[in-house]
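To start, the structure itself, in structure tokens.
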Amino acid sequence: MHMRKVPGFVPASPWGLRLPQKFLFLLFLSGLVTLCFGALFLLPHSSRLKRLFLASRTQQPGLEVMAEVAGHPSAREQEPPPKPAPAVPAPGEDDPSSRAGPRPRKGWLRRTRPTGPREEATAARGSGVAALRPGEESIPFSFDFSAFRSRLRHPVLGTRTDESKEPQSRVRAQREKIKEMMRFAWQSYRRYAMGRNELRPLTKDGYEGSMFGGLSGATIIDSLDTLYLMELKEEFQEAKAWVEESFHLNVSGEASLFEVNIRYIGGLLSAYYLTGEEVFRIKAIKLGEKLLPAFNTPTGIPKGVVNFKSGSWGWATAGSSSILAEFGSLHLEFLHLTELSGNPIFAKKVRNIRKVLRKIDKPFGLYPNFLSPVSGNWVQHHVSVGGLGDSFYEYLIKSWLMSAKTDMEAKNMYYEALEAIETYLLNVSPGGLTYIAEWRGGILDHKMGHLACFSGGMISLGAEDAKEEKRAHYQELAAQITRTCHESYARSDTKLGPEAFWFNSGREAVATQLSESYYILRPEVVESYMYLWRQTHDPTYREWGWDVVMALEKYCRTDAGFSGIQDVYSSSPNHDNKQQSFFLAETLKYLYLLFSEDDTLSLEDWVFNTEAHPLPVNHSDSSSQAWQRH
């Protein structure tokens, strides 16, 4: 360094400074450095600072952290890196490992040495995984897919039947018809709207909508597991190729946390668990990370909308409420994001939601539908098992089942809530129909929404684990509610059910105004048929399901896909020009399962998220602590 001379300054050394001056200069410099670093560390936390100082820890959580959070052994106890998982069979091909005898149960998570870009590319080519695009780096964590598949108690697609022995089977023919409907719905979407979120069959074009924040291909992601289940191999490969090549996450709009979670993340997670294709795991985790800013609220209760560009949750709407069904329907997916990423942050976020809900006072044990993410208080006392509340209750019982019945908190919360619902909301009409009303500060609205019709299946699913003296009661209650929802279909001209139906003025299980008479291809009624069939094998449920298939064919099928209808009480209804993505994800999947054997996506191995995406039950002993610790 060369310093310009100052008048009167006589250099005494090669640096141009006398010894005392050198000392003072160094003292000043060290003080300045100390001050800068001190100020830096005293600044409030920000994502930029975290990336600067915590990058290595964030990208690769320490083994000790994972051992504590996910119930895994410490670093010294970890097994050596696993061998690569064997190639996964194509849809419809049986996986030999799924038939293997019992093996020692090991943790779901294993860690391997992080690899560099060259090793990752080589590994991807060797395993058949598509190379990742720039900005979509691999996740430095290894999930032992082969070990996971070996723990399933049934083949994923069930025991394959020798079709030559039942060439004229009526059930098989019904199943094939539903498969044809799925193929037609997919091919129509592919022809007129590929890459768009949903198909508009009347105008033969695509629809984007605004609730996905700029993400595209909702129908593709939603359809992956249904295509796989139905062994539509060519169509599945088309969908997979689109995800690999065209599903980009660098979007900047405002998205519904709930819808992105249940459709996109749920769809990607189930596609990974069914196939082992790494691209689905990586995309799910990266998308999950984009949702995390929604939780940056004073209570940790997430806002319903997240801005993908700014990462904020919208302080401009700080006075608004979060919806019970939305923030209460994250648990299943977020626990699996932690399992597949090794990052405990996802599980931590949803456990905090439970913590808040456990502490807050609940009127008569009921959960109102609106909660302030700022104050943590209920905003209004409106309770519904239909829209706004529905899947919160569903995720409680399914969290219990998904944890291999170790999540006692979820179990207790579910049965406590169900008891309050039965006490304050359950009614029987003069005509003998059992229904769940809506509650507004103590006043009942004697109606059920179509969305509430999932509850028959939910109650049936949870009946087995209730107190012994309540099991038969809950099974009967499930059957009665499902019968009521069937009546809402049977009493319409189209044999399809309205969006909402009432019990008043001598009219039962029918809509009372045109604004509630539409049907948008919803799945909840056939969902309950499927669960009740699996629990009871009463042929009535298959008969009712087939009635729905025939009604869909007659009133909802168009030349270019399926469309909802505007009035179920008209024998010549107008179409709404929309093939909902959940029609392919849920309605057709539940119908197909209704006419399949019980070991096809067996309920011993799988739970379905609220978009009907199958997520595996955690049969692993060593990671069970992760699912029950709160």
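Counting begins at 1 with the first residue displayed.
Including glycine, each Cβ sits where the backbone N, Cα and C put it.
Over in TrEMBL, the protein carries these features:
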- Asp390: active site (ACT_SITE)
- Glu524: active site (ACT_SITE)
- Thr610: Ca(2+) binding site (BINDING)
- Cys453-Cys485: disulfide bond (DISULFID)
- 23-43: transmembrane segment (TRANSMEM)
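The two recorded residues, Thr610 (Ca(2+) binding site) and Asp390 (active site), have Cα atoms 9 Å apart. Counting only the Cα atoms, the space from Glu524 (active site) to Cys453 (disulfide bond) is about 5 angstrom. Across the structure, Asp390 (active site) and Cys453 (disulfide bond) are spaced 9 Å apart at their Cα atoms.
The number of other CB atoms found within 10 A of the CB of Asp390 (active site), across every protein chain shown, is 25.
Applying an 8 A CB threshold to same-chain residues 6+ apart, the list for Cys485 (disulfide bond) reads Met448, His450, Cys453, Gly456, Gly497, Glu524, Val525, Ser528.
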